[in-house]
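A.B. asks: Handing you this structure, nothing more for now.
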Amino acid sequence: MAGLRNESEQEPLLGDTPGSREWDILETEEHYKSRWRSIRILYLTMFLSSVGFSVVMMSIWPYLQKIDPTADTSFLGWVIASYSLGQMVASPIFGLWSNYRPRKEPLIVSILISVAANCLYAYLHIPASHNKYYMLVARGLLGIGAGNVAVVRSYTAGATSLQERTSSMANISMCQALGFILGPVFQTCFTFLGEKGVTWDVIKLQINMYTTPVLLSAFLGILNIILILAILSKYR
């Protein structure tokens, strides 16, 4: 009985095919490597999602004042809260989606929303008026994109055995916390560009200390999508 219990603890929850809940107890080395490559991609996904939240936190107030002088501190509170509100609304939707469809779908869509939100943030200087509301929308969309947290955790829980699950979940939390911590650090790397920076006239893009971090986040988001498409195993 003890041997059967140990084998059960080592067996991942998710099957190799959609709808299956059984895996061979004697896992092949190739399958093991594929499984852990997928899990590590999700570590990266969680890290980048957290970076996307915190990478502009130190500059969001001066940037808001720059693009729309009518914005006050009360509106800043709504801008910051919109991220959490978007995440709260999107998390159960993405979770429900992943219950019936391959988890790649909500992951890719959520990251695409985050990329779009970062691009919108980079172009907040374009509208002639009401720029503060565009920032509110951009941060809200970023929060919606961050709603994939539930999908990341459920995938990881299903792709690990009982013995692996605790450490894997701890690593996800670590990547999330690390992203929150390093986001502002990444932003300081672009302060040398200053508020003015340079302008790419062809596409009306200002590259400065406010927009470069989100442009980097958008680029990393696209890279993340490519990695998910190429590496993430086809589990449900």
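First residue shown is number 1, and so on along the chain.
Note that Cβ sites are derived from N, Cα and C of the backbone, with glycine treated the same way.
Relevant sequence annotations retrieved from TrEMBL are reproduced here:
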{"type": "REGION", "residues": "1-20", "note": "region 'Disordered'"}
{"type": "DOMAIN", "residues": "38-236", "note": "domain 'Major facilitator superfamily (MFS) profile'"}
{"type": "TRANSMEM", "residues": "41-63", "note": "transmembrane segment"}
{"type": "TRANSMEM", "residues": "75-95", "note": "transmembrane segment"}
{"type": "TRANSMEM", "residues": "107-124", "note": "transmembrane segment"}
{"type": "TRANSMEM", "residues": "136-156", "note": "transmembrane segment"}
{"type": "TRANSMEM", "residues": "177-194", "note": "transmembrane segment"}
{"type": "TRANSMEM", "residues": "214-232", "note": "transmembrane segment"}
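Could you tell me the structural context for the features on the list?
C.D. replies: Cβ atoms under 8 Å from those of the transmembrane segment (41-63) belong to residues 73, 76, 79-80, 83, 107, 111, 114, 118, 121, 124, 135, 142, 145-146, 148-149, 152, 155-156, 171-172, 175-184, 186-188, 195, 209-210, 213-214, 216-217, 220-221, 224, 227-228, 231-232 of the same chain, restricted to positions at least 6 beyond its ends.
Residues 45, 49, 52, 56, 63, 67, 90, 94, 131, 134-135, 137-142, 144-148, 151-152, 204-206, 211, 214-215, 217-218, 221-222, 224-225, 228-229, 232 of the same chain sit 6 or more residues outside the transmembrane segment (107-124) yet have a Cβ under 8 Å from a Cβ within it.
Proximity of distant same-chain residues to the transmembrane segment (136-156), defined by a Cβ-Cβ separation under 8 Å and at least 6 residues beyond the stretch ends, is recorded for 38-39, 42, 45-46, 49, 52-53, 75, 78-80, 82-95, 97-98, 103, 106-107, 110-118, 120-121, 124, 165, 168-169, 172, 176, 235.
Among residues of the same chain six or more beyond the transmembrane segment (214-232), those with a C-beta under 8 A of the stretch's C-beta atoms are 37-38, 41-42, 44-45, 48, 51-52, 55-56, 103-104, 107-108, 111-112, 114-115, 118-119, 121-122, 186, 207.
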